[in-house]
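Q: Supplied in structure tokens, the structure appears directly below.
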């Protein structure tokens, strides 16, 4: 799908990036194997011994693995991104500076590989998890995420792609940790509330504010390279539209989270209604 850009001489990276797909494939297979082994060898026996009901066993193992995966990616992000030469907390100038001559460090590339492998493995396991009400929405989310990761890698847009991935990781850790706590029962209610509150508080600045700003940086900042290299026009539309489609999803899940929080304040349970299986 991305191979036509391999002949574009505007950036040397583009000519080589499409050869790296075996790395992503191997890492994805490793992630899938590790996930299966950890769930069946460690998590299921321990949760069963702790008295977790059988009907919640599969779901709690899935969410625990998601906590572990996103935590690893979050730590990797903090270990790599702030130390990149182009990164700045106050300016986006380095994202597109001298795009034609940009090179990417090995730590940044491996961070991208890990993000891609995690997204691909999540897509595979999506078919094995319990079907929730938003099954198709999450399917779209997985497909969009994988496509954007692979596309931005092939089109030498690792800088803006890294910022997008880095900004979204913390909320994922919090929401899955809250789900694990809610399934463990009242004994962990305080932990559940703390993780849920952290998710909702971080969701507003990171996903509802920073993420649209990053889309603006991606679309406007890339117009210079697009004007100099018209072949990148398709990449511009692809990335801008793809990122923009994720914004309604962020608002949708924020509304769901707000409803859950309001229900908790009224004395109800802090639980995700999406965990209920579809009728039939």
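Just so it is clear, glycine is given a Cβ too, placed from its N, Cα and C backbone atoms.
Quick paste of what TrEMBL says about this protein:
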type: TRANSMEM; residues: 21-43; note: transmembrane segment
type: DOMAIN; residues: 58-266; note: domain 'TLC'
type: TRANSMEM; residues: 64-81; note: transmembrane segment
type: TRANSMEM; residues: 110-128; note: transmembrane segment
type: TRANSMEM; residues: 140-161; note: transmembrane segment
type: TRANSMEM; residues: 193-220; note: transmembrane segment
type: TRANSMEM; residues: 232-254; note: transmembrane segment
Q: Mean pLDDT for the domain 'TLC' (58-266), as a whole number?
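A: The answer is 85, the mean pLDDT of the model over that range.
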Q: When you scan the chain for residues with a C-beta under 8 Å from the transmembrane segment (21-43), skipping those not six or more beyond its ends, what do you find?
A: 60-62, 64-65, 68-69, 113-114, 116-118, 120-121, 124-125, 150
